[in-house]
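Participant: Not my notes, these are from TrEMBL:
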type	residues	note
DOMAIN	1-58	domain 'Fibronectin type-III'
DOMAIN	64-159	domain 'Fibronectin type-III'
DOMAIN	163-252	domain 'Ig-like'
DOMAIN	259-353	domain 'Fibronectin type-III'
DOMAIN	359-454	domain 'Fibronectin type-III'
DOMAIN	460-557	domain 'Fibronectin type-III'
DOMAIN	561-646	domain 'Ig-like'
DOMAIN	657-751	domain 'Fibronectin type-III'
DOMAIN	757-817	domain 'Fibronectin type-III'
Amino acid sequence: RESDHRAWTPVSYTVTRQNATVQGLTEGKAYFFRIAAENIIGMGPFTETTKEIVIRDPITVPDRPEDLEVKAVTKNSVTLTWNPPKYNGGSDITMYVLESRLIGKEKFHRVTKEKMLDRKYTVEGLKEGDTYEYRVSACNIVGQGKPSFCTKPITCKDEIAPPSLDLDFRDKLIVRVGEAFSLTGRYSGKPAPKVTWLKDYTVVKEDDRTKIKTTPTTLCLGILKSVREDSGKYCVTVENSTGSRKGFCQVNVVDRPSPPVGPVIFDEVHKDHMVVSWKPPLDDGGSEITNYIIEKKDAHRDMWMPVTSATVKTTCKIPKLLEGKEYQIRIYAENLYGISDPLISDEMKAKDRFRVPDAPEQPVVKDVTKDSAVVVWNKPYDGGKPITNYIVEKKETMATRWVRVTKDPIFPGTQFKVPDLLEGCQYEFRVSAENEIGVSDPSPPSKPIFARDPIAKPSPPVNPEAVDKTKNSVDLSWQPPRHDGNGKIIGYLVEYQKVGDEEWKKANLTADSCPETKYKVTGLTEGLTYKFRVKAVNAAGESEPAYVPDPVEVKDRLEPPELILDANMAREQHVKAGDTLRLSAVIKGVPFPKVTWKKEDREVSPKADIEVTGVGSKLEIRNTVHEDGGIYSLTVENPAGSKTVSVKVVVLDKPGPPRNLQVSEVRSDSCYLTWMEPEDDGGSVITNYVVERKDVASAQWVAISSSSKKRSHMAKYLIEGTQYLFRVAAENQFGRGPYVETLKPIKAIDPLHPPGPPKNLHHVDVDKTEVSLVWNRPDRDGGAEITGYLVEYQEDGADEWTKFQTVPMLDCVVTGL
């Protein structure tokens with residue numbers, strides 16, 4: 001029966017097997033079935049199926065998935081997609097199994113362990129350069145179906161394509177205020193490029209009016225209800241690892257201009273006309289102002305009258321006014337996109353009020369130099385409007401054209417320093433005054449002047465003094481005068497006078513022979529006393545003299561020696577053996593001192609190079625050795641005294657040989673070495689000792705220790721019976737010193753001791769004149785083989801033992817008793 005019916009329908013009455021085929025069922029409907037057994041007696045009870053059975057084809061595994069495609073490849077990943085099988089086997093797909101095979105291998109390996117129902121998967125962690133092929137299978141409740149057809153072999157490498165950009169807009173775009181606009185285009189590139197929008201080099205951000213939409217292949221920037229501030233240079237950048245492309249668009253959002261900027265200025269007011277001016281609008285609406293529309297009206301009437309509608313200047317003459325009436329002016333700005341709101345002026349009465357200033361009086365010229373002059377004038381009547389500027393003009397006396405001396409305003413001062421005059425030329429000057437109405441007539445010209453510096457004699461030189469002297473000369477020095485009189489100092493005149501005389505003698509005849517601020521006066525007489533004075537000279541003449549304060553006695557001056565030590569003359573100087581020792585000092589003294597170098601109060605080594613100059617002395621020893629160390633002294637001496645300095649020089653070298661090498665505790669396989677440190681450590685701490693040994697029969701020394709800091713060493717691993725020599729050297733940071741060697745060979749044997757007493761001595765036979773003795777070996781042989789036994793006898797009662805003989809064996813017959 002059908003599951004939603006109650007009536008049962010017979011299928012067969014003659015089934016003798018335990019199965020039956022039910023035909024004529026409707027696919028998709030649910031049925032219950034029941035079976036009864038029958039014999040000749042009758043039919044038994046029915047057995048019914050426990051749950052309904054839906055009629056459909058038998059369930060199989062799914063077909064193979066379709067359209068397996070590679071969507072993206074990088075150096076370490078592959079992204080794949082596929083479509084489901086055409087037939088799912090009669091049961092829902094429960095998962096997909098993705099498999100890969102490395103080209104060159106036979107087997108496919110499952111890529112995913114987890115249950116995967118998505119039809120897209122990225123295989124990661126691959127090795128760059130490897131080549132794979134992929135296949136995918138679908139699973140349902142029955143099992144895994146056939147795999148899809150394999151992909152082509154895929155090599156893991158980054159897909160690279162530089163960005164491309166195809167724009168739908170041009171370089172320029174004009175948009176009316178309130179309208180929307182969009183910038184669109186297409187792009188591509190691998191890896192997928194990053195898209196960035198900039199406006200005037202600033203990143204564009206989305207807001208209520210600004211929308212950015214980017215798909216994998218298209219880009220779009222849209223702006224709703226544009227405003228003037230949206231104007232600017234827009235740039236879209238498409239960039240990936242291989243490069244970038246840019247597109248530009250200059251967007252101009254246009255509108256009618258804002259009103260002209262007030263206030264309206266009445267530059268001129270007359271009885272029948274006015275001249276007004278204003279400033280351009282702050283915002284021209286993105287389009288050039290094509291003209292201004294100017295209108296006028298009587299302040300007491302409502303009708304505006306046109307003045308002009310075709311001016312681009314920001315000033316305008318308002319004509320045809322009636323004297324005494326008050327007027328208002330209004331001004332519109334116009335561009336291609338419309339007319340602004342108006343700017344309206346205050347009321348202004350038409351009448352003559354002002355005029356240009358009067359001409360100034362004749363100016364006066366003062367403080368003339370070779371390239372400038374100061375022009376001074378008095379303020380004229382200003383014509384009713386404040387003076388805003390003075391115009392100063394110049395001309396050469398013989399010329400006809402007046403030239404303005406500066407374009408900058410000259411106000412409020414009534415004097416001006418005129419620059420850039422030509423030295424030696426004659427000039428005249430005149431002045432005009434200017435107010436809002438205009439420029440006055442010029443003043444009468446000034447009196448002519450020549451452009452040249454006024455020159456006066458210089459002031460005296462400063463602080464003349466005698467800085468040195470000998471038995472026939474005096475060196476003078478001074479500083480330039482404080483004032484050069486506006487003329488270049490040509491030089492100086494030096495004069496001298498013997499004390500007691502009245503006449504001053506010239507040391508130099510012309511000033512240009514002494515251009516500097518020092519001079520050596522020569523040809524003086526030893527023992528006499530002189531006065532000195534100096535004059536400065538310029539083109540105007542000689543200055544007053546400046547005197548050296550005190551008379552100077554002409555004689556050699558004495559200065560005791562002075563030593564200025566160089567850094568290499570510090571208290572202690574270290575130099576490495578083989579390097580160059582340099583000692584030097586600067587020497588002063590008058591007369592120049594005698595220089596003496598000594599080492600330990602004796603003459604320095606002949607290998608030392610000693611150099612004495614007029615300013616100092618230097619001692620140099622090349623290829624220093626340890627013996628060059630010691631205390632060096634430098635003595636300088638002249639009649640005024642002497643001075644000595646000393647420096648301790650340490651030549652750093654390898655140490656000397658160790659002392660007193662001793663060998664003790666000799667054994668068959670070892671011995672103990674001891675020594676004392678070297679007398680000379682080479683100027684540096686002993687870092688370690690090197691100990692070596694040599695078999696007497698061998699030519700080769702063998703190191704047995706190279707890092708010992710102690711002054712002793714146990715020489716181990718000797719071969720018994722072999723004779724050895726030992727040697728020791730000390731090392732410091734500059735190297736290894738000479739070896740000290742044992743005087744005689746050392747034999748590796750254990751030390752010898754006397755043997756123990758023989759054991760169990762007794763006689764075995766006695767005769768009237770002899771005795772036969774036997775004994776056993778002693779317990780110890782003293783470290784060496786027993787060579788014999790000494791036999792002695794003593795008469796009973798006597799004190800002395802009598803030697804009989806030495807026998808090699810363990811028995812002896814003593815005779816002669």
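Even glycines carry a Cβ here, placed using N, Cα and C.
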Participant: Limited to the domain 'Ig-like' (561-646), I'd like the whole-number average of pLDDT.
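Facilitator: Mean model confidence (pLDDT) across the domain 'Ig-like' (561-646) is 88.
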Participant: Please work out the helix, strand and coil residue numbers for the domain 'Fibronectin type-III' (460-557) from the DSSP assignment.
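Facilitator: Split into helix, strand and coil, the domain 'Fibronectin type-III' (460-557) gives 3 helix, 44 strand, 51 coil.
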Participant: With DSSP as the reference, give the number of residues of the domain 'Fibronectin type-III' (757-817) in helix, strand and coil.
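Facilitator: The composition, in the requested order, is 0 helix, 29 strand, 32 coil.
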Participant: Work out, from DSSP, the number of helix, strand and coil residues along the domain 'Fibronectin type-III' (657-751).
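Facilitator: For the domain 'Fibronectin type-III' (657-751), the helix, strand and coil counts are 0 helix, 47 strand, 48 coil.
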Participant: Which stretch, 1-58, 259-353, 657-751, tops the Cβ pairs under 8 Å count with the domain 'Fibronectin type-III' (359-454)?
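Facilitator: Answer is 259-353, with the largest number of Cβ pairs below 8 Å.
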